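Swiss-Prot has this to say about the protein:
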CARBOHYD  N5  N-linked glycosylation site
TOPO_DOM  1-22  topological domain 'Extracellular'
TOPO_DOM  44-57  topological domain 'Cytoplasmic'
TOPO_DOM  79-103  topological domain 'Extracellular'
TOPO_DOM  125-142  topological domain 'Cytoplasmic'
TOPO_DOM  164-189  topological domain 'Extracellular'
TOPO_DOM  211-241  topological domain 'Cytoplasmic'
TOPO_DOM  263-280  topological domain 'Extracellular'
TOPO_DOM  302-345  topological domain 'Cytoplasmic'
TRANSMEM  23-43  transmembrane segment
TRANSMEM  58-78  transmembrane segment
TRANSMEM  104-124  transmembrane segment
TRANSMEM  143-163  transmembrane segment
TRANSMEM  190-210  transmembrane segment
TRANSMEM  242-262  transmembrane segment
TRANSMEM  281-301  transmembrane segment
Amino acid sequence: MAEINQTKCDLAFQISYHPIYRLAQFWTLSVSLLAVPSLLYFLLKRVLLLPFHGNLKCLLITYFSSIFLYALVLCFDFSYQCLIPFIVTTKCSLIIDQTLYKCGHMTSLFFLTTPMLLPFGFSIERFVAVGMAYKYEKMRTLLGPILCFILVAPNFVVFYFLFRDEQFTDSFISFLVLPNTPAVQFNNYLWFLLYAKIGNFCCNCVLLIFHKRFKNTYLKKKTSLSVRYALEEISNSSKFTLILTFTHLVFFGAYTIGSILVRTLGESFFGNFLNFYVARGVNCAVPTYNLLIAFVGLISLRQLNSRRHAKILTKVLIRVTGQEGARNYDDIIMQQWNTVSNRTR
């Protein structure tokens, strides 16, 4: 037993000081430390102040809050993994304590998968918004909280069945490396989420096409200004959620395919177990997404708002010069005379 433990300690030492592994650890820590204030600013200064309906705002707040919490957890995980090699006195001290690993591992994976589930709520809420555009703005904020609960609760159930028989008796130097027992099932769960996210992205694209035709049909009718405003807000918010869904799909797809590809290629492809474990420990896609999504959100909101203001100016601005200005002036005078004449009858 002592010999086996010493072998694991030697392996932990070799992996921890591997240059590629160390570089990936510091990269993840750096982007996570930057992501925390960026996400907090975006959440408090942008998401909470969005003019969207309360149902969508509830989903967005939950979505970005879960990403923020995941970035916080990664800050703890990778601070530990980056700093411990500088202060340990024995090789075996590099192995994470069983209880600490269990808490850090479960929390990390839970907040990794939770933001992957919430975009399904975006699609459901958007379809309801388009279908009830004429009165959606007056509806209570009820659908959003219900969708948040329905989408997050199954994640607890999945994790319970994945890890209920896991004893966490193996040795680990990374909080994100899966134990062998639930690894296959968790990878299948990731594949399911990836396929579902691809389908969800396609649904978002169909929704935007349908909404465009739906809006054009409504605008041809004599609809009220409030309905026109609601249709425009639904269009902008749907485009924003589509950008979020696509960005998340790209980074999560890279993470899922990369992680499963490493396991599929196996130790023989990487030459030895050391290189294989290093490849398993390099997970930079999702932590990088945590940082970039705040900037993607800021830029996309700024562009959508500028386009909306430009569209409003082109449609609402009344010309006051030239022949068109003269016609507009005559129309306004005639409307005033008609109003006065109707009152005197």
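Each residue's number is its place along the chain shown, starting with 1.
Cβ atoms here come from the backbone N, Cα and C positions, even for glycine.
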What are the DSSP helix/strand/coil residue counts across the topological domain 'Extracellular' (263-280)?
16 helix, 0 strand, 2 coil
Same-chain residues at least 6 beyond the ends of the transmembrane segment (104-124) whose Cβ lies under 8 Å from its Cβ atoms:
56, 59, 62-63, 66-67, 69-70, 73-74, 76-77, 80, 96, 143-144, 147-148, 150-152, 154-155, 158-159, 163, 168, 172, 175-176, 178, 186, 189-190, 193, 196-197, 200, 203-204, 207, 241, 244-245, 248, 252, 286
Please work out the helix, strand and coil residue numbers for the topological domain 'Extracellular' (79-103) from the DSSP assignment.
19 helix, 0 strand, 6 coil
Ranking 58-78, 143-163, 190-210 by Cβ pairs under 8 Å to the transmembrane segment (281-301), which is first?
58-78
Take the topological domain 'Extracellular' (164-189) and count its residues per DSSP category (helix H/G/I, strand E/B, coil), listing them in that order.
10 helix, 0 strand, 16 coil
With Cβ-Cβ distances below 8 Å as the criterion, list the same-chain residues six or more beyond the ends of the topological domain 'Extracellular' (263-280) that contact it, or say none.
11, 14-15, 18, 20-21, 177, 183, 187
Against which stretches of its own chain does the topological domain 'Extracellular' (79-103) lie, if we need a Cβ under 8 Å and a gap of at least six residues from its ends?
5-6, 8-10, 12-13, 16-17, 22, 25-26, 29, 168-169, 171-175
What stretch in 58-78, 190-210, 242-262 has the biggest tally of Cβ pairs under 8 Å against the transmembrane segment (143-163)?
58-78
Could you please provide the mean pLDDT value for the topological domain 'Extracellular' (79-103)?
90
